[in-house]
Each structure stands twice: as structure tokens, then as C-alpha cells.
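For reference, TrEMBL has these:
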| type | residues | note |
| --- | --- | --- |
| BINDING | Asp16, Trp17, Glu19, Asn21, Glu30 | Ca(2+) binding site |
| TRANSMEM | 31-50 | transmembrane segment |
| TRANSMEM | 62-81 | transmembrane segment |
| BINDING | His80, His208, His212 | Zn(2+) binding site |
| TRANSMEM | 93-110 | transmembrane segment |
| TRANSMEM | 122-139 | transmembrane segment |
| TRANSMEM | 145-163 | transmembrane segment |
| TRANSMEM | 175-191 | transmembrane segment |
| TRANSMEM | 211-231 | transmembrane segment |
Amino acid sequence: SPTMPSIFSYQSAEIDWCEGNFEHSTVIAEYYNTISNVSFFILSAALLYLNRQYCQQRAVPMYFISGLLLCVGVFSMYFHMTLSYVGQLLDELSILWTLAVAYSFWYPKVYFPRCIKSRKHFFWLSGVTTVVSTLMSFIKPAFNAYALNCIAFHLLYLTWCELKKCNDKRVHRMAAAMVVWWALAITSWLSDRWLCWLWQAISFPYFHSFWHVLIAVSLLYCFPLVIYFDVNYEMPTFKPKLGYWPSDSWPVVVPYIALEEPHKQC
């Protein structure tokens, strides 16, 4: 009788992305989908370096998130290298836990449910929800990827709510850039899933690797935005100031948040 494939075996995952398998390496199943995850390593280091003033004040959330982003990159590389069931779970669960930690640390108290009275209680709510979601992931891992992308719409709604309170046009432009990069990223992800036949027909099945790079760029804009609002809510002795690296005058820049005293703009 046939045996069940090992969950660690190559190509035991429920998902196989559009890129052809083992075309460029005998060890790496999806070559470009694997190496494109380097963008998460760059993202992790850039967030700590550029927002180092904020990191000095709020080291725990920054180092937690930075470490989890490294895990996302490592597990995604492992998944696309092996296309194993375990790799798929690690890839998706690392994203889930990164989102959970980000919500736990940075979700504004003004949006807490009425039954939640403190940040500590919200930690517990986030933790229980994440554990339940983790267990559900074992039942149907393929569905988890769509659910995780849906969380982005809640983040966009929160951003819209916060921008209505903010008069800094530079922050609005940063938010607009984040949305553009996110839209390009999600379009690439969906294109790889739904239009694979087309990309294979023209020998260009690499849109999932574009997703990795584009979502990392989108997060380079998202995290400074989150930090900006967190400073306004949680650090009243500082004023967040949006800056761009390497310089405001460069055509391609990366945003970051510096801290000034004493009053807030938004």
C-alpha cells in the first residue's frame, strides 16, 4: 500500500507556486522565489538602523519585530527551497506571529474593544487568537495565506483612521507610497496564483519572487508610519519627525522616524 509522504519531504506542501521546480538547481526547488527572500534580511536590518532613535526608547518591540522578520525570510527560503509541508507551515506561521506581535505592541489603545482595559489584557487576547489561528493552520494551511493577506485591509483601515487626525502632508505621502507598493505586491501574489498559465506560456513565472521584494519595500514604508503614530500615542515627551535616507533630494529614498522634543504635530 502507498505510504504517506513525509512532511519534511521535498514537494510535500499543499501549494506549488508558478515558478518551475529545480530548473536552476538540483537542491533548490524554486530558485528565484528562494533567493528573493533576502529582501526580508535587508528590511530587518534597515528598520533597526534607520529608526535607531526610536529603537533606543522602544527596544523590545523593535528587536522582536526585527527578529521575527528574519524568521519570515529564513522560513520562506526553506519553504521555497524544499516545497515541504513543514516549510509551508513555518512560512505562514512566521508571518502570523509577526503580525500578532506587531498588533500586540503597537495597536492603539483608542481602538481596543470595550472589554479590554489595558495593554496587558490586549496581549492575552492577541496571544489566544494567534494560538487558535495557529492550530487552524494545521487543518488547512493553503487557506491561511489568503487569511493573512486579508489582515492587510484592516491595517489599511487603521491607517486611514489615523491619517484623518494628522495634518503632516509628508506622512500622508508616505502612507500613499506604502499603499502603492502594497497594491503592486498583492497584485503580483494574486497574478502568480491565478494567472500562472499565462506567465508560463510566456516563460516568465516569477511574480511570487516579485511579491517578496515588493512587500518588503511596502513594509519599509509601513513600519515608520506605525512608529510615527506610536510616538504620538505613547511617547508624549517626543515629537516624531519623518526623514528620508539617504537624503530628501534623492529620487529613491527610504523613510525613517527621528525623535524631537517637545510637542506633537498630529
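From the backbone N, Cα and C atoms, a Cβ is placed for every residue, glycine too.
Whatever TrEMBL says is automated annotation, not expert-curated.
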Mind pulling out the one from 31-50, 62-81, 122-139, 175-191, 211-231 with the most Cβ pairs under 8 angstroms to the transmembrane segment (145-163)?
175-191
Among the ranges 31-50, 62-81, 93-110, 122-139, 175-191, the one whose Cβ pairs under 8 Å to the transmembrane segment (211-231) are most numerous
175-191
Quick test of the contact rule: Cβ under 8 Å, at least six residues beyond the ends. What residues does that give for the transmembrane segment (122-139)?
89, 92-93, 96-97, 100, 103-104, 107, 109, 112-113, 116, 147
Can you name every residue in this chain, apart from His80, His208, His212, with its Cβ inside 8 Å of the center of the Cβ atoms of the recorded Zn(2+) site?
Trp17, Glu19, Glu30, Tyr32, Asn33, Thr34, Ser36, Asn37, Ser76, Ser209, Trp211
Across all chains shown, how many C-beta atoms besides its own are within 10 angstroms of the C-beta of Glu30 (Ca(2+) binding site)?
27
Inside 10 Å of the Cβ of His212 (Zn(2+) binding site), count up the other Cβ atoms and send me the figure.
25
Neighbourhood of His80 (Zn(2+) binding site) by C-beta distance under 8 A, where only residues 6 or more apart in the same chain count:
Trp17, Ile28, Ala29, Glu30, Asn33, Thr34, Asn37, Gly87
If we check Cα distances from His208 (Zn(2+) binding site), which of the binding-site residues Asp16, Glu19, Asn21 wins as closest?
Glu19
Take the C-alpha atoms of Glu19 (Ca(2+) binding site) and His212 (Zn(2+) binding site) and report the distance between them in angstrom, rounded.
14
Enumerate same-chain residues with a sequence separation of six or more from Asp16 (Ca(2+) binding site) and a Cβ-Cβ distance below 8 A; give 'none' if the list is empty.
Leu83
His212 (Zn(2+) binding site) to Asn21 (Ca(2+) binding site) - Cα separation in whole Å
18
Starting from the Cβ centroid of Asp16, Trp17, Glu19, Asn21, Glu30, which together make up the recorded Ca(2+) site, report each further residue of the same chain whose Cβ lies within 8 Å of that point, ordered by sequence.
Cys18, Gly20, Ala29, Asn33, His80, Leu83, Pro205, His208
Most isolated by CB count within 10 A, of the binding-site residues Trp17, Glu19, Asn21, is Asn21
